[in-house]
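Enquirer: Please find one structure pasted underneath; my questions will follow.
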Amino acid sequence: PSLPSRGRRCERVMAASKPVEAAGGGGGTGLSRWQLALVLGAPILLGAGALYVWGRRAARRGGKGASERKTPEGRASPGPCGGGGQLDGPGHEETSPLDRAQAAKNKGNKYFKAGKYEQAIQCYTEAISLCPPEKNLDLSTFYQNRAAAYEQLQKWTEVAQDCTKAVELNPKYVKALFRRAKAHEKLDNKKECLEDVTAVCILEGFQNQQSMLLADKVLKLLGKEKAKEKYKNREPLMPSPQFIKSYFSSFTDDIISQPLLKGEKSDEDKDKEGEASEVKENSGYLRAKQYMEEENYDKIISECTKEIEAKGKYMAEALLLRATFYLLIGNANAAKPDLDQVISMEDANVKLRANALIKRGSMYMQQQQPVLSTQDFNMAADIDPQNADVYHHRGQLKILLDQIEEAVEDFDECIRLRPDSALAQAQKCFALYRQAYTGNNPLPVQVAMKGFEDVIKKFPKCAEGYALYAQALTDQQQFGKADEMYDKCIELEPDNATTYVHKGLLQLQWKQDLDKGLELISKAIEIDNKCDFAYETMGTIEVQRGNLDKAIEMFNKAINLAKSEMEMAHLYSLCDAAYAQTEVAKKYGLKPPTL
């Protein structure tokens, strides 16, 4: 919840980073599930922030190494480059043009293996000129081999040109497509590189780590490039009221989110309740608080600005409240100076400064600056050691950094300070569960699962307890019980769109019930039409169904709702992957398996 980009969804994605093997069963790459699948067509389902591989490939083989694609095709054999005249030995008639071309290619292979790439290129060129034009497969091999030699000389334009010839002659030629993809990467032709590597992934059945890694790399580069431009020019967008309320509910020591108190009025007005409205009219901050209680969020930033410009009594509170709403609308650049100012106000209420440090630390984590983030959380603990929020949110940071033992210590301190903190107790259970799950140790997993049971028994009104337990149950393939937990969440929080998305994904993983899954995700959008998670998930499912145009539409909706540049880059990656598939389908008639 300390990350506005996810709200309470953030607690549910913490299992997403467990490294898994490539879809084909090759050695571990350290990539998370979503990185391996990348919506390029491997049957996957998006759940709890991770992509679950759904179903198994018929053939499972280890990942191929790079060396297999470096060598030219065909065995080297003695003989002149041209291979003209007669074969050695009596009784042979004059060789055909194709035989002479093959002989030239074989000589080229010999030069290639000896590292004499210029001579190899001459032989492959001769093979191309000798080969009858109707011999498409042979001719494509000669072009591909010459491209391999050009690759060794780093002549990337020539590599791309020869691979294009090879693919024109043999459209499903994996070696030529992959070599051209690498050449496009070197030439900074990202879109073309992505299309080629997408075709390769589909043709190889997502069995080769090397092509999967290139797809991952180019998608990230494209996503970052597009997000940087789009995010710079985006219109700020206020999240849904449900999202905002969920975000503020994750803080217990946050002065600015508490209802108006008499103490917030001037001394003269404490005993003059009739004049309270006049005070509100004269104080931008108090008007902003009133708008907050009325869920009239669009007016809060402007009212806080009035208080700040007037250097009013509640200037520190106004700076923090304005910064918080800047974060909520995804404007971190505007939020940071306000947070900096509050943190530097040594005479301000320590809880305001600690809250500003939590929010700036969370912002840094969202920007992938964990060192700065950790510094802010540690400073918050130093200046306000009795603030339960500091330990609660730092515990979440530690989970994201995979520092589980330290996370548990922080959750324990939060619970010591606030024994009624159901959220911290649920998240502690989830941290212990994740530690046991990633360690593949059955006994601690059972202990952690028992811990969830204790939490929901002790705090039956804590929706997050049921949600995190449902995630753990899903991991353990206990789908029926997980479904019951999501039903409890919906009963407690009927307006939480995220829960409907998770329940929808469960139907897909459990019963392969596409209709029910999509119905629940559609319900999430009906509840909150600004739920980017729902659009992202629906887009992912539509890719798996082969409805690429619909998927692209859903991803674009999610992109327009993204609350951070990093999140937007991820969504662009998904969208670009889907678009690349449409291009591959048009060019080569290739489509990945669908659900």
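Placement of Cβ uses the backbone N, Cα and C atoms for every residue, glycine included.
Feature list, courtesy of TrEMBL:
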type	residues	note
TRANSMEM	34-54	transmembrane segment
REGION	61-97	region 'Disordered'
REPEAT	101-134	repeat 'TPR'
REPEAT	354-387	repeat 'TPR'
REPEAT	388-421	repeat 'TPR'
REPEAT	463-496	repeat 'TPR'
REPEAT	532-565	repeat 'TPR'
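Help me see these features in their spatial surroundings.
Expert: Sequence-distant contacts of the repeat 'TPR' (354-387) (same chain, six or more residues past either end, CB-CB distance under 8 Å): 2-5, 251, 253-256, 320, 323-324, 327, 332, 335-336, 339-340, 342-343, 393-394, 397, 400-401, 417, 564, 566.
Mean pLDDT for the repeat 'TPR' (388-421) in the predicted structure: 95.
Residues of the repeat 'TPR' (463-496) grouped by DSSP class, helix first, strand second and coil last, total 27 helix, 0 strand, 7 coil.
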